[in-house]
Amino acid sequence: MTPRLGLSGHQYSTGVRRYCVLALCLMFQMGWTASYKQGDSVTLYVNKVGPYHNPQETYHYYTLPVCRPDEVRHKALSLGEVLDGDRMAESLYNIHFRENTDRQTLCQKTLTEKEVEQLREAVEELFYFEFVLDDIPIWGFVGYMEESGFLPHSHKVGLWTHLDFNIEYNGDSVIFANVSVKDVKPVPLDEGAGLSQGSMGGAAGGLTVTHTYSVRWFESPLPHSRRAERLRDYSFFPKTLEIHWLSIINSLVLVVLLLGFVIIILMRVLKNDFARYNVEEDGGCDDLDQGDNGWKIIHTDVFRFPPYKSLLCAVLGVGAQFLTLATGIIIMALLGMFNVHRHGAINSAAIVLYALTSCVSGYCSCSFYTQIHGQRWVWNIILTSSLFSAPLFLTWSVVNSVHWWSGSTQALPASTVLLLLGAWMLVGFPLTVIGGIVGKNRAGSFQAPCRTRNIPRQIPQQPWYKHTAVHMAIGGFLPFSAISVELYYIFATVWGREHYTLYGILLCVFAILLSVGACISVALTYFLLSGEDYRWWWRSVLSTGSTGIFIFVYSVFYYRNRSSMSGAVQSVEFFGYSLLTAMVFSLMLGTVSFLASLAFIRYIYRSLKMD
């Protein structure tokens, strides 16, 4: 839309003061259960509006010229709700528990020609609204649009001015609610409607509309504890998620094949290597390379520490942190700690767990950095703490600025920004430092099976299929192929309208992803060492870490071919956070592949009979 929707400065600052997001407590469960007596008032909150095909482009409902109270009173929101773009405010709808209402007048509003044009553009862009009643979201379209025929062509735009609320209850609690416009005629908003509708009661050049509503209560046999099932079965948004066994079977077959391939290497190829290399049992460690070739000849170089030690350890530390974070989120979801009624619960969990698991990144990074004889451990801690947080802050700054410019509710209030910065500065960074100090003090020796020469061996020229780019292509494509189908459903959840509930399947796919990454890393490392190339440290990280590149390429494909998203606001957020997602996958898989390769190399060189 050319004219941007936005709150005035006074309205926005008033709303920010009322958002009450200073509590970092996790609201995973349904929380307290609201109970009502007949005739009790049930508050309906208006939340946000936005284009149907751009889920992350949302505006406050009261930015539209609709019925609104003289003083807008906002609901206290959790941190996750604010991050999710929620801006709930009390409405004028007067709803009482188990009391039906028929054609109640909400307000009468005279629209200027500019407001009529604003509503027309909102309807043409398929704006939908979201209300919230007792933590239950209620969705509906702002208006009605009809395109018919080529010759003659007609373009009809109408505004829904009457809403029928259908609310289900069981005992003293609300189970479900939705809104319908069945048998309701929209008020036309066609070109010139504002000028031609002056006879409807408004002044010349304006359009006067009367907003009304009805409320119908229906008894439901579903208990309050199971009302999430009712919302899950509701179909305002298209239903596409289901258990996709073909994808799981395909991924499992890939894992079995890779495991079999690695086992063959370990049991057959290595057995032959050991039989050949251990013929001269009396040879010393320094004499074993006379007349030999293959991975045995580089035993005095394979544990030579790599360049950019601090960066490597920071990657491993942050990767370990995200492995812990992802595992924790999935396990909490399996335990039922997230509910589809609770807005932003996963967002809150991710932020709190990210701050708390910062000690993992500090510990793993500084511990390994000390083992490989790193000296600048303070710099290592700083690099570890900023490796992901710095790109995250930069990306968020750009995305948030675009949302702020457009007046979107996705732009975070100043109080939330200060809260998040405080969480990182007072919790995340100190825990990283504490974890780094503990890791440095508890770090042992590197435990290399054989010693390293002072002068590095010259690496022979490698064939093209052993170059880094080829290994990255192979090592990134196989893990990506194992999760490609599931990735579509995750994108449809994050960037679409679905509520992901298949957490058991997600855990299975996550385990498959890590297993495939570890297996392919071991195989590629073996091929690298067989060519007498001992530069496996960074190669093991990059080979499987390149999966993030494939994920970002898939995000571009999804945006162009699998979604209807458009516009600068949606595009900036989509590609900005897709880059961060790809980075997270690269860090996690790079860490797993490095640890798998390190364990494999220690095993094969420990099995050699050397002094």
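Heads up, the Cβ atoms here are built off N, Cα and C, so glycines get one too.
Computed from a predicted structure; not experimentally measured.
Feature annotations, courtesy of TrEMBL:
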- 245-267: transmembrane segment (TRANSMEM)
- 311-338: transmembrane segment (TRANSMEM)
- 344-365: transmembrane segment (TRANSMEM)
- 377-399: transmembrane segment (TRANSMEM)
- 411-438: transmembrane segment (TRANSMEM)
- 469-491: transmembrane segment (TRANSMEM)
- 503-529: transmembrane segment (TRANSMEM)
- 536-559: transmembrane segment (TRANSMEM)
- 579-605: transmembrane segment (TRANSMEM)
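Scored on C-beta pairs under 8 angstroms, the neighbour of the transmembrane segment (245-267) with the top count among 411-438, 469-491, 503-529, 536-559 is 503-529. Among the listed stretches 411-438, 469-491, 579-605, the one sharing the most Cβ pairs under 8 Å with the transmembrane segment (311-338) is 579-605.
Sequence-distant neighbours of the transmembrane segment (503-529) (same chain, 6+ residues past either end, Cβ-Cβ under 8 Å): 243-244, 248, 251-252, 254-255, 258-259, 261-262, 265, 269, 294-295, 298, 302, 323, 326-327, 330-331, 333-334, 466, 471, 474-475, 478-479, 482-483, 486, 490, 535-536, 539-540, 543-544, 547, 588-589, 592-597, 600-601.
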